[in-house]
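Working notes, structure below.
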Amino acid sequence: MKRGNEEIKDETSQSQTKRFHCREISTDEDINIPLDLTVEILKKLPAKSLVRFQCVSKQWSSIIGSSRDFIDSIVTRSLSQPSRDTHLIFHHFSVNKFPRTDFFIFSSTYPRNTDKESVSILWGLFQYVHGLIFCWSTVYPEAAIYNPTTRQSLCLPEIETAAGNLDMSTSFLGYDPFKNQYKVICLQNYMRWSCHVFTLGDPTRKWRKIQYNFGLHLPLLPPVCIKGTIYYQAKTIEYGSTYVLMCFDVRSEKFDQVEAPKTMMDHRCTLINYQGKLGFMCCHKGVEIWVMENDDEKKQEWSKIFFYETEGFEKWHIAGATRGGEIVFVNKELQCYQTLYVYYYDPKRNSMRSVEVEGTMYRRKHLVHIWAVPDHVENTMRL
């Protein structure tokens, strides 16, 4: 029996040696994974991991940040998931210093998971389009685009003319889903309109002046970009306080006027992207929510989806709508020692829920203006 046990031990040790030897041989060999399989594996990873993995190789960096098919897959994946995160933009105002722009990213699900970035734009205004944040100054010729997914920012060149550099006081960011192009549109001097366009990714990195042959009007912010068209409310110059609804086609680079309900013609409204359709919300003696059902060029059809006779909504900033159809409100301003709340209003159920953003108790002695992005999508596009 003893001899038998020794034989068994010898055989076991030999088999272990063989297995160990095989492992040593396999580790010395190169493992070649097909590129298409590598891409499919990368598509399954979280966006934060993808941002880090761009430093693995130039090929991976090109796939993650420049491949349209790959970027579209990440955006589509993000759109298919429930909208949970609300991106908040804090704009600090101080008596002795110029206002500074800070980007904070809060999650209502994981409030402790917070990212902070700063962009050096003074007296800035903001617009969010398809994963990117556009920030521009109202008094200086400064503008920048920020990607909260990759934490990259791109400063745009100044608009140079014979009369000098032009300011960016009235500017819009648009996205054309057919050509996968982002364009910045800048209007100057509403009494003698001139219009310039900057295409993101253009190797010349220069502004182009385009023809503007529409009536004089004063654009009102914020705009909204839906399916390649920028919409914005404007005040007519010829007819005093009358409002109109304007649009700009990002691909053809042409302006046009859109028929709108009388409520929008008479009152200042907030444009929203309501589940892929143009909508607007008016808080004059109650709450009215309208949605454009037909965006045909010849005739637009609108429907009022909600009306509630109450007051108080005008005290809040309307941030937009979630993909689930909830209207998002935030404090317009945050005073010292105030806590920030985000409110979600469902017009179909006539219900309101609130989320306290932990860690935002503000202790400084100057004012903070707040903007919110309720429909953020992840976008790994390199700026």
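Backbone N, Cα and C atoms are what each Cβ position is placed from, and that goes for glycine too.
Copied over from TrEMBL, here are the features:
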| type | residues | note |
| --- | --- | --- |
| DOMAIN | 27-73 | domain 'F-box' |
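Under DSSP, the residues of the domain 'F-box' (27-73) split into helix, strand and coil as follows: 33 helix, 0 strand, 14 coil.
Looking only at the domain 'F-box' (27-73), the predicted model's pLDDT averages out at 88.
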